[in-house]
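A.B. asks: According to Swiss-Prot, the GTP binding site annotation covers 30-37, 57-61, 75-78, 142-145, 174-176, on the basis of sequence analysis. What Swiss-Prot lists as Mg(2+) binding site is SER37, THR59, and the listing cites sequence analysis. What Swiss-Prot records for 22-194 is domain 'EngB-type G'.
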Amino acid sequence: MDVNNVELVISAVRPEQYPETDLPEYALAGRSNVGKSSFINTMIRRKSMARISQKPGKTQTLNFYKIEEALFFVDVPGYGFAKVSKTEREKWGVMIETYITSREQLRGVIQIVDLRHKPTEDDRMMYEFLKYYDIPVIVVATKADKIPRSKWQKNAKIVRETLDFDPDDKFVLFSSETKMGKDEAWQFIKEGME
């Protein structure tokens, strides 16, 4: 998709704050500091629309980015971040679960994992949660440019096995540096919009 117009419409914490629109939505889920903001910025060809932070746990709301008046990316808080209180993490969990299980406009979830590392228990639980609720999901393994190409398949296999990955789902190696995987991710999104 050729992207020229992007707007952060709202940062929401409750359903009544969600945009009132019929546009399809794609949520981005992943551990804190896994590269969600870099993924968004690469997909929409912007350097800093989604703020990139060295400090994990920066996103604390559901951030609705309207793209080309055609769809929304919804950046959700990163899971598995230890430096926020347990109460805060539980609030985020409820907020994310409420959105994913009740939002009619949600067409799919882009689950972001780091190709360099074995997925965590939180990654596995998120994938399992999405499968349980029959939510279309694509797993995007980011930071492929940070490891030698010779390790891509080995690391991808570890990610798939750890998640108990469904071969019917889409799995994409991604790099915000080289833009590898960008077209495949857009293809998943376009298919869900048809």
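Numbering starts at 1 and runs along the chain as displayed.
Placed from the backbone N, Cα and C atoms, the Cβ positions cover glycine too.
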A.B. asks: Can you tell me the three-state DSSP label for ASN33 (GTP binding site)?
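C.D. replies: It is coil.
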A.B. asks: What is the pLDDT of the domain 'EngB-type G' (22-194) when averaged and given as a whole number?
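C.D. replies: Computed over the domain 'EngB-type G' (22-194), the mean pLDDT is 87 on the 0 to 100 scale.
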A.B. asks: How long is the line from the C-alpha of THR61 (GTP binding site) to the C-alpha of SER37 (Mg(2+) binding site), rounded to the nearest angstrom?
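C.D. replies: Rounded to the nearest whole number, the Cα-Cα distance is 13 Å.
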A.B. asks: Quick one: give me the count of other CB atoms within 10 A of the CB of ASN33 (GTP binding site).
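C.D. replies: Here the count is 18.
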A.B. asks: What number of additional C-beta atoms lies within 10 angstroms of the C-beta atom of THR61 (GTP binding site)?
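C.D. replies: 16, counting other Cβ atoms within 10 Å of THR61 (GTP binding site).
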A.B. asks: Among GLY30, PRO77, all listed as binding-site residues, which has the most CB atoms within 10 Å of its CB?
C.D. replies: GLY30
A.B. asks: Just the number: how many Å between the Cα atoms of GLY30 (GTP binding site) and SER37 (Mg(2+) binding site)?
C.D. replies: 10
A.B. asks: Measuring Cα to Cα, how many Å separate SER37 (Mg(2+) binding site) from PRO77 (GTP binding site)?
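C.D. replies: It is 11 Å, counting Cα to Cα.
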A.B. asks: I'd like the number of other C-beta atoms within 10 A of the C-beta of LYS143 (GTP binding site), please.
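C.D. replies: Around the Cβ of LYS143 (GTP binding site), 20 other Cβ atoms lie within 10 Å.
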